[in-house]
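Colleague: Before anything else, here's the structure in question.
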Amino acid sequence: MTDNRKIDPTTGTETTGHSWDGIEELNTPLPRWWLWTFYATVVWGVIYTILYPAWPMVSGATTGLLGYSTRGEVAAEIARVELSNADLTESLVTVDLGVLAENEPLHRFAVQAGRSVFAAHCSQCHGAGAGGVKASGYPNLLDDDWLWGGTMQEIAHTVRHGIRNEEDPEARFSQMPPFDWMEPEELDATVHYVRSLSDLPHDAAAAGQGAALYVDNCSSCHGSEGLGDREIGAPNLADAIWLRGDSYADILAQLKAPRMGVMPPWQARLGEAEVRAVSAYVHGLGGGEAAVGEAAATSAD
Ligand code: HEC
Ligand code: HEC
């Protein structure tokens, strides 16, 4: 075949010597630029495998002269984020909660961190969406009706020490006494009076009799108009939001055998940064109140 090579007269290019039915193939050389690019990629490939991890070995791969690894890069990235978070966490622990909301980046950091704290530690009682569980007396944290207080400081206090638990001496505490000593008519009258406070259907005559019983037995905690008392976590009885239900049977049950909510303290379990973060999160759910004046600020801890 080599014998058949010749110069094609039309193009001046050598042929390969192949000939099919008189049709011959030109041996056109590869373009220069293409060849050089090809050689460059080969050289690049060799250099790359020397500098970077490349050749698979029995255990692992060659590490390359630069010592680069994607794993190392991730570790460095995590360290960087943690370092910047360390600053934020530090600031969160020391900031005055009354003005946290004004510090936009710190507040955002707190709320985001608080969201995962809530999902991990609070949602089993208060519900994933913080809507509460009425049947168990776990309050809704989305509304602006607060048993113990809705400023960020008050919420943090509740979270830190908990409610009616035996572990923390500073836990919020109060107790509604049972009224099982009342005569059935007295209980009936009191329930009707309580329902009249929030305009629920009631027997007006019975409610009239219940008014005096209420003043004697209930107003010291729930207030003369039923507005409640946050000092002792006594619910507002004159609004549409109920911790334990607004039906006749619910209220009667609460009078005969008061159920008391218990919440564990979180200070030791979470630490101050997470307590503050989750408080900022709860505060931001919709019902958070602004700290007003000295009173709110001093009741912080
Ligand atoms: C074991 C169940 C339980 C867990 C877990 C729990 N709570 Fe509570 N929480 C309660 C109960 C019960 C009450 C209502 C107590 C009462 O009746 O006064 C309450 C009340 C509150 C209140 C007061 C609401 C108000 O109206 O003043 C806040 C705020 C609160 N919880 C936040 C949290 C946060 C934040 C977490 C997670 C760190 C958490 N809770 C975990 C049971 C729980
Ligand atoms: C010593 C204070 C105290 C007294 C007195 C008291 N309560 Fe209460 N009451 C409370 C507290 C605290 C709660 C909240 C219980 C809880 O958080 O689980 C409560 C809860 C209730 C509830 C449930 C409210 C809801 O939102 O579901 C009703 C109803 C109620 N009380 C009615 C009465 C009536 C009627 C009387 C008088 C006959 C009375 N209470 C006397 C402290 C008191």
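Cβ coordinates are placed from backbone N, Cα and C, and glycine is handled just like the others.
For 1-20, the entry in TrEMBL reads region 'Disordered'. If you look up TrEMBL, you'll see 33-55 marked as transmembrane segment. Under the heading domain 'Cytochrome c', TrEMBL lists 109-198, 205-286. According to TrEMBL, the heme c 1 binding site annotation covers Cys122, Cys125, His126, Met263. Marked as heme c 2 binding site by TrEMBL: Met176, Cys218, Cys221, His222.
Have a look at these and tell me how they're positioned relative to everything else.
Modeller: Long-range neighbours of the region 'Disordered' (1-20) within the same chain, counting only residues 6 or more positions beyond its ends whose Cβ lies under 8 Å from a Cβ of the stretch, are 26-28.
Confidence across the domain 'Cytochrome c' (109-198), taken as the mean pLDDT and rounded to a whole number, stands at 95.
Classification of Cys122 (heme c 1 binding site) by DSSP places it in coil, neither helical nor stranded. For Cys122 (heme c 1 binding site), the same-chain residues 6+ apart in sequence whose C-beta sits under 8 angstroms from its C-beta are Ala130, Val278.
Summarising the environment of His222 (heme c 2 binding site), the number of other Cβ atoms within 10 Å of its Cβ, over all protein chains shown, is 22.
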Colleague: Using a Cβ cut-off under 8 Å and a sequence separation of 6 or more, which residues in the same chain sit near His126 (heme c 1 binding site)?
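Modeller: Sequence-distant Cβ neighbours: Phe118, Gly132, Val133, Tyr138, Pro139, Asn140, Leu141.
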Colleague: Count up the helix, strand and coil residues in the domain 'Cytochrome c' (109-198) according to DSSP, in that order.
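Modeller: Helix/strand/coil tally for the domain 'Cytochrome c' (109-198): 44 helix, 5 strand, 41 coil.
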Colleague: Below 8 angstroms Cβ to Cβ, which residues of this chain, lying six or more residues outside the transmembrane segment (33-55), approach it?
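Modeller: Non-local partners: 61-66, 68-69.
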Colleague: Enumerate the residues of the same chain, Cys122, Cys125, His126, Met263 excluded, that satisfy the criterion Cβ within 8 A of the mean position of the Cβ atoms of the recorded heme c 1 site; list them in sequence order.
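Modeller: Surrounding the site, in chain order, are His121, Ser123, Gln124, Tyr138, Leu141.
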